Every structure is written in C-alpha cells, then in structure tokens.
Amino acid sequence: MGRKRGHSDDENSDDTAIASATRVKRVRNIPVTAPIPAVPCSTAVYVISDTDSNSDSGSDVLEVRQVGTSKKTPTKEQAAIIDYGKKLSIRDLGQVVRIVAGAGTGKTTTLHLLAEELVKASHSILYIVYNKAAQKDAEERFHSIGSKVQCRTMHGAALHYLQRPAADFDITPVDDSVVQQKIEAEYMTRVSTWMRGRYAGSSDQRSNAGSRQTANARSQFEKAHLIRVKLALFYVFKTLEFWYRSTRTREELTENDFWTYYPAKLKHKDDWNFRHEKFYVNLAGEIWDRMWTGGFPINHDSYLKYAQLGNMQLPSYITTILMDESQDSSACQLDLFVTQLAKSPTKPRNVFIVGDAAQSIYYFRGARPKELAQIHEKFEKGSFKPVADFRLTQSFRFGPNIARVANTLLYIKANSPQAKDFNPYILVGGSQIDGELISDDETLPFPYTIIARSRLQLIMKGLLVLAEFRRTQQTQADQVIDVDETPSTNDTSVLPTPQRKRIKNRMKIALNGNVGEYKKSIKDALDIFQLFLNKRPKLDKFKEYESFDEFEKDVSDRELGEYKLIVMLVNEYKEELPGVLAEFEKEILEKAFKLTEADVILSTAHQCKGLEYDYVEVCDDFLTLDVQEKPRQQSQTWKKASQAFDPNKMEMEFNLKAWGDDLNLWYVAVTRPKKILKLPAKWWGIHEYMTNFLTTAPVPAGVESKTGEPFGELGLTNLDGSKQLNVQQEVALRELFSKLAPFLDGQF
C-alpha cells in the first residue's frame, strides 16, 4: 500500500512484492540506461528509510542499516557531511554549511548522525523545522541523542527567544485574517475618504459619470466604491506582508513606495488612475508601530519580523543551528537564523542549512530559494568563514528510470531563467528496484496514489476512479478478488495480487489532506452556484455579490485563495455542479477511509511533500513543459555558450518564468513513487524531445574539454538541427551540453 515515508521495510519485502505482483502491460517503449547501483561506502548493500520531515502526519523513526546487521553505515556523501561535523570543536564557531538534499536522499538520517557527532563534541543544537508536525516528528527522532538537541519551528524559536518591548508585553499571536479584519474595521473610513477624493477611474467610467445622478446609478457607484476601498485595505495588509519577508528595517519601509504591494501599483496605474505615492507604506508602518505599542493584534509573521530586526537573543549555550527545509524560507528567515547567528560578533554559531531549491513549493508564502542559492555572498567580505557546500544526490527511494524523469526536470530548471536561484545537481537512482514508467492509458496496481496540482483535479479524478470501478464491476465481477476487509497482517504485500484490498462492490478512496476544508468548500460552492443561476446567495458572507462574474473578479483581485477552488468548480461543471459535489461528498468525504486502508489516495503535490508511495499517477494539470526557439542573442542558454556558434541561428529555450513553483511541483510529484510512475500525456512530448536531443557523433581526435578531460562517449547535443558540425562547433556544443546525458541518466 502507499506508505508514509520513514516506515522501515523487511529487507526483502519490496522484491517479494514486485516478484509476486502481476505487472502492468507496457504499451510504450521508454529508452533508459543501464540500472545505476547505489554508491555506499563499501560493496555491501545498505537500506536507508528516508523522510523529508515535512508531512502533517509524521512518520516512524528511521535508520541507515547494512543488510544483515544493525550498524548505521552512511554513504560517501553522508559521511563527508558527518566527518565535517566531527571536526568542529566547541571552539570552532561561525561556520555555515549548505547541504543540497535531493528527493529521497537520506536527509533526515544524515542530520541525525551529524547531530550525534556534534553532541559528542559538546555542541548544543537548535534544530529548526518547517511546521508543528515536523517538530513532533523530530522530537521523537532526536530523543535518543538527549537534551542537547531542542527542536522548534522557526516561528516557535523566534517567539520563545524574543526580546519583547517590555517585560510585561503580552504577545498572543492571531491568524492573518484577524489582522485583515482589524485593518478593515479601523481604517475603512480613512481609506474611503482618501480614495473618494482622488479616484478617477477608467476613461469609460469617467465618460459615464453623468449617469450617477440617478438613484440606481449612484447605488451602483457606491457599491463599486466599497469594493475599491476593500481592495485598497487588502493592499495595505499585503504591503506589510511584503516587507515582513524582506531583510529591510522599519525606516526603509517608509523611505519611498518601493515596498508597496506590486499589484496595487498596477491597479492604480491601469484602472484607478491616480497616484498612491507613499500611502500604503505609510499606513503599513503605522500599523506596525501600533502592534509593538499594544494597539494592534500581532500575527505570526509580525513577531518573526520583529525578531529579525535585532530582537531575538539565543542562550549562549546553543552553539549550532540545524535548519531543515531551508528552501522554503524567506529572506527575513534566512537572515535571522543564518546570517545574524553566524555573524554574531559576540557569539557566532555554526549553522547547517539543508534544502533543495528544486523542491521549493511555497513561493506564495514568501519562499525565496534564491536567498539560499546566494547565501554564500553574505560571507565573502570581511573576516567571516566561507560557506562550505555539500550535496546528497543518491536517492534510496527509486531507481534509474524514475531518476531519469526527475533529472529531465532538473536539467530544464538548470537551463532556464530559474538557474540563478538553483544549485544544479544530478539525482542518482540508488534503489535496488529499477522502477517503471507507464503512460496514462495503462493501469496501476492497487493501492496507488493520484497526485494533482489542484484540489479541483482531485475531485474530478476521484469521481472518474469511482465511475471506472463501477464499469469494471458490471463486466468483470467474477474477476474481483474478495478478501477480508481486516487482514490478519499489516503487511499488504502478502495479499495475492496487485488487486489486493479491492473489496467486492467497494472502492476505498481516501484524501491526503483536511477533509473539513473540502466539506466547507462544497457548502460555499453550492451557495455561490446560486449566483451562477442569477439567484441570491443565502450565506451572509456572499450576499454582497450581485453576480458570479463579480465574485470571480473579487477572488482574483483580493487573492482569496480559499475560494479559488469554488470558481474552478463552477466554471468546470456549471449546471452539473450540485450532482457532482453530492456524489463526491457521499462516496469519498462521508466514508472517510483512512490512508492506511485506501485503494486510492488523492493528494495535491503540496500535501504529499515528504511522503512516498509504491505506485503513483501524476495528473495532467501541471505546467506544460514547452520548448521555445529564440534567436540566440535572446536566449538565456546562449548567453553561456561559446561564440563558435552562429549567433543568427535559433536556440532552444525552456518556457519558464524566472520565478514561481510550477516546475518544482512537477519535481515533487514525480519523485514520490518507489516502483511505478504513471505520467500524463503532456509529459511524453518533452520526454521524446529530450531523448532526441541526445545524439551521438564521433569525437574529433585530440578534442578535449576545458578541464583537460577527454569527452569520451558523452552525447552530442545538436540544437540547431545541423547534421554536421565543424570542430569548433563540436567543441562548443560539447563544452556547453556534454553533461546532458549523464544528467538525465543519473550517472557521473
């Protein structure tokens, strides 16, 4: 069954399950390279059960173990990190160590072994994790080391060690929504007056100004005015939030309008037609000042920002920080827990920052992986120690076939505008099982997990799975294996076939996530559906809207993320929506099957980060991986190339924005399976493109790379379609792209 990461297997159970399972039919021949062996310290076989420690449900204690023994034996990459920690005596402080850890590479095990060595050297450790579930998991894992390791979330550590404005200053953190409501309540009149005296509107609105003389027109204008005021109040909060996530001081917030939330600038320029000047930053600064004089509620990002402004004091006995999931940190967080602590003039700390920019999926929450990629620049001037870099690239979760998919995405990232925020690496498929790739018209064995980008897609897929199961039941009822719903063993691998746990006339579908959120969304969606039918909503919170279009625009303008699913549902299903939601609620939500008993698990990419499963289907709602052709002078890739190329030729460029999580969500999704990965139709185009991208050509005698190493049999990348290249072009091409073949195959 699909398992949470961290559960130890019997060393032969995976092989037994694979051998006994009926394999799915292959309809697509996928070119792959020879299996890639694991690379441990010796020739023995090692089993590492890994976790990213970022799931909300936690997982069991892990270990690295040599088959047949209980001795913990790290790989060469792990050993290099641990050995570095061994050399740090209690007097060696101020060292920053950056560890790039790919998917399933034994990160948590490495940190545990590292912590053991640091504690032996008398270090006291503060282990920073991403959320409360990860904190609980870490406390269980590190308990055996003793009291010299304390585990806290980033916000928890900031609040615990915060130096308050006064000894009796009370901080009771509130949610962001409470702060937004307070801003509306206290600043509505002020913002309304400001906007009424300045608003000009679009040219169409100005030309229709005379129509406002009628009562109905005036009513409509006042309603539109209220919507603008609420949007401006939202911009005040977002301006404050934008500044929270930076490293800038209170004085810099109001120096000019730089920190004004960018969509507010666009709205004033393109729609409202009046200058905002420093209105938003001044109001944000005023609210900030009131927070720290007791006149305004404080949310979680507020006190973390206050700590970053020089108001956090760690006890002197803490010598080392282990910071996990650092790719999801903001500039403010990295400055507080890395730069300030390592550079402290009185008590510098050693800081180990662990993360992977390719797995950063919280850009919308302020995550800025470029800050991690560029952290070394903070220590290049002055007398500070240079940042030490290590990598964990050997994945124990899957073999070379799935690694090839992951490495295709890593290559795309490394050859796109996102490369500036990324320290490229090659992921080695070190599992004993090669793994298998199948297309979307093939069938996965049960139990399997469906991973989508959006909850809308999960609802659609859940209903499709139910419909397909019912069709199967009608035509193949006698082929369905009827087994006891409560097997005597928890080891589902001993059940007779991949159809194990499929109960006659029942398909168990479970949600990996908060079922309550889905139920709330369904209730809200049915009320908003009344707007779609040109009727009035019943819930008070929606009564202000006159039409569905108005609601949809407000959701977009005010970034009301909790209602985006509703908009998508209405647009997708229209009149069929009530029936669709009733079916989903009855068959999936109300039955509330546990993840451990499910035939099919539905999960978004965000929810499955840190988890692993045997069999995974990736949905088709992820980013389409387009390849563009551009004149070479305009290509990001071309800028790295040798001038031996003809600059008038066209160049390949991956169609990616310079920021955002879309490609990373792909990477997280495809790196969850251990055995079989089912990919959507949109994947195979880029897969075939990249495969054809690799051609072989004879290497001219005596041609070597700039490093002096012979090129050997590395693939030649013929981007411009030329069948023959001169020696200079071959050298330039090989120098730029010779690493493509091993990059995809996970070989060095």
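The first residue you see is number 1, and the count goes up from there.
Placed from the backbone N, Cα and C atoms, the Cβ positions cover glycine too.
TrEMBL entries are annotated by machine, without manual review.
These figures come from a predicted structure and were not determined experimentally.
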Taking 1-20, 481-500 as the choices, which stretch does TrEMBL tie to region 'Disordered'?
1-20
Going by DSSP, give the three-state secondary structure for Ala101 (ATP binding site).
strand
So, in DSSP terms, is Lys107 (ATP binding site) helix, strand, or coil?
helix
